[in-house]
DNA sequence: ATGTCGGCGCAACGCCGA
């Protein structure tokens, strides 16, 4: 990024489940303005392809690619004054899957996979089965990405709390599709391919939440969950400088139930 | 079990998904 003739080489990448990109547009634009991420992964657009607010984002300096869907799901990748080369639209492994949950691009020399993993509730049931199948497809595609040997960031709403440290009251979530043993195991199997959970690496023992339910004043009570994650390929692990959650955004008027999460990577 | 959101639809509030 070039500002006042000074070259800044570090890169800030963020992920944000906006829960309706048009309903949250003022919040999204304010957050972009205040935190100036270089690359952004968005989930839960809840907008059809033609209703994505591309003009507003361009006016804020962001190029965008997106995969919309009426009412639900939807993912996008934004890049500040930078070219985005789309490499995938839809997660491989099931041509009949019509839900818009994965988009991937080459940006600034990094492969950015933006994902919105299925919620899976009510569980057990077909929605949990779909979630577990989707996880298997993600594991398969993640293996392929590692084989390329390129720097890769898999960012998004995984709808999984990986450990008890990631839930305000673990005992209440045992049967929930976001915390069931088989779902946590699926996340663990994925990470053990060789990925780095960036937030957990920077904060090994701390309670870090990225989501607070709208119900029962969850944000006020800090009854949160950590479900939005960054997985880094092995060569990016040593470039991880910092990471965090923009918690205050969750407290803004008309906020999403998720907060934006970010990482900063050093240039090579 | 409950709670609160955004988006949807024979257009107003009940439903779905989260």
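Even glycines carry a Cβ here, placed using N, Cα and C.
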Residue from A:10, A:17, A:81, A:121 that TrEMBL also lists as binding Mg(2+) with A:44, A:157, A:159, A:257, A:258: A:17
Spatial neighbours of residue A:44 (Mg(2+) binding site), counting only the recorded positions A:116, A:157, A:228 and Cα distances within 10 Å: A:116, A:157
